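Per Swiss-Prot, the features are:
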type	residues	note
ACT_SITE	Glu229	active site, nucleophile
DISULFID	Cys29-Cys39	disulfide bond
DISULFID	Cys89-Cys94	disulfide bond
DISULFID	Cys184-Cys185	disulfide bond
DISULFID	Cys409-Cys447	disulfide bond
CARBOHYD	Asn91	N-linked glycosylation site
REGION	27-343	region 'Catalytic'
SIGNAL	1-26	signal peptide
SITE	Cys184, Cys185	site 'Cis-peptide bond'
Amino acid sequence: MSSGLSLERACAVALGIVASASLVAAGPCDIYSSGGTPCVAAHSTTRALYSAYTGALYQVKRGSDGSTTDIAPLSAGGVADAAIQDSFCANTTCLITIIYDQSGRGNHLTQAPPGGFNGPESNGYDNLASAVGAPVTLNGKKAYGVFMSPGTGYRNNAASGTATGDKAEGMYAVLDGTHYNSACCFDYGNAEVSNTDTGNGHMEAIYYGDNTVWGSGAGSGPWIMADLENGLFSGLSSTNNAGDPSISYRFVTAVVKGEANQWSIRGANAASGSLSTYYSGARPSASGYNPMSKEGAIILGIGGDNSNGAQGTFYEGVMTSGYPSDATENSVQADIVAAKYAIASLTSGPALTVGSSISLQVTTAGYTTRYLAHDGSTVNTQVVSSSSTTALRQQASWTVRTGLANSACLSFESVDTPGSYIRHYNFALLLNANDGTKQFYEDATFCPQAGLNGQGNSIRSWSYPTRYFRHYENVLYVASNGGVQTFDATTSFNDDVSWVVSTGFA
């Protein structure tokens, strides 16, 4: 028996002891450490990734006064204390400003700066994520993931201990398998330190989505692939790997790892079952990927050059030193399954009944005779009463429908123009005919919550959860509480985004 085989068996036995002793006691990074490939970065807004970790998981900043607070686990190794966030963010909006590194290396993720591409915020920075866009439960306890709309990104260009050059590393992420698009590039992992494209092989990151510009897998996607810079790779070929399946899990575990002329993609349902290997073998046959030229920055939600058109949801993920064994990763997957990720409610406040006709009354002082209505494709507010014309009363009435993109939220169909729905486009609200596309469904899905000013409901965009129905100069937008658009002004924001829902005029 070779010494290498003995060591492998010893590690497998040790991992088995860790896993069988208590999945609750051993977090993912404890398991990686036992396997000889310790975490050098560990990020999660939902739970601690070490059994002994009690520090901050993430920081939120509220819109009302700009103050911040850290969210820690309920107990060592436990689930995030979502109640602290809910209390701190009550009656206002909150953004996730920092995702802390639990490894002790200080590899925290913060708002991504501009690079080859500018972000949509001031000075070319990317957007920060809403703190409430991705509620879940872990073992029945509420927590929040990181729901990332196009334009949202986090980064650390001065990371410590991450792989550079052709050095070995591993990584995993737990993602929402139903939240993706085809834009570049929803990534988590190793990237350039300059925010620019410095050539083939300068990245090694998990990618999730259905982009087909470079590589692809079986079916129509989405797929787990690796962003190695100037290519999303599903295997040896720079085009297609039929062994990389389309994913349909609500919660997905995505794994990428790489060492000298060897790399792998693995994946699983994060709520049940075990990991499958979608590719394991030599580096891509295209030039520049053997050896690799990794730079060691860390990105989330964007490409290495700050390409920021993608969308996705991140719950937890780590990066390791060294190439983890399949056995180690299998034990990590068992721990993720034991965390029992499950969906949580996306709505709150007064309930809206699917199939009912409603009208939405402005609550801003001086404008309370106005209701949400439309004039052709323009969604606006108009003065409406029971004595208004039939046409106007119909224009100010909306049929509540199950959310076109997410059945946990709602869509609003025009009473006087059946088949047409309120949707956002360039952050203006429009009335457009349902064209049956994924983009339209996402643009037309909204999640009501308790009104920010204490009255009625505020209606949050599902696809841009920092943004709410807001009347501004009597026209409707999806607006954020502060931002670069004129309609993002903070003045009277809570009132302008709060609506009293009543039985429809028609």
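From the backbone N, Cα and C atoms, a Cβ is placed for every residue, glycine too.
Worth saying up front: this structure is predicted, and the values here are computed from it rather than measured.
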Here's one to test understanding: among the recorded positions Asn91, Cys184, Cys409, whose C-alpha is closest in space to the C-alpha of Glu229 (active site, nucleophile)?
Cys184
Does DSSP give Cys94 (disulfide bond) helix, strand or coil?
strand
Far apart in sequence but close in space: which same-chain residues, 6 or more away, have a Cβ under 8 Å from Cys29 (disulfide bond)?
Pro38, Cys39, Ala42, Leu49, Tyr50, Gln102, Ser103, Val318
For the residue listed as 'active site, nucleophile', what is the tally of other C-beta atoms lying within 10 angstroms of its C-beta?
26
Closest of Cys184, Cys185, Cys447 to Cys94 (disulfide bond), Cα positions, disulfide-bonded residues only:
Cys447
Could you check what DSSP calls Cys29 (disulfide bond) once collapsed to helix, strand or coil?
helix
Among all chains shown, work out which of the disulfide-bonded residues Cys39, Cys409, Cys447 has the most CB atoms within 10 A of its CB.
Cys39
Please give the average pLDDT for the region 'Catalytic' (27-343) in this predicted model.
99
C-beta crowding around Cys94 (disulfide bond), within 10 angstroms:
26
What kind of secondary structure is Cys409 (disulfide bond) part of, going by DSSP in three states?
coil
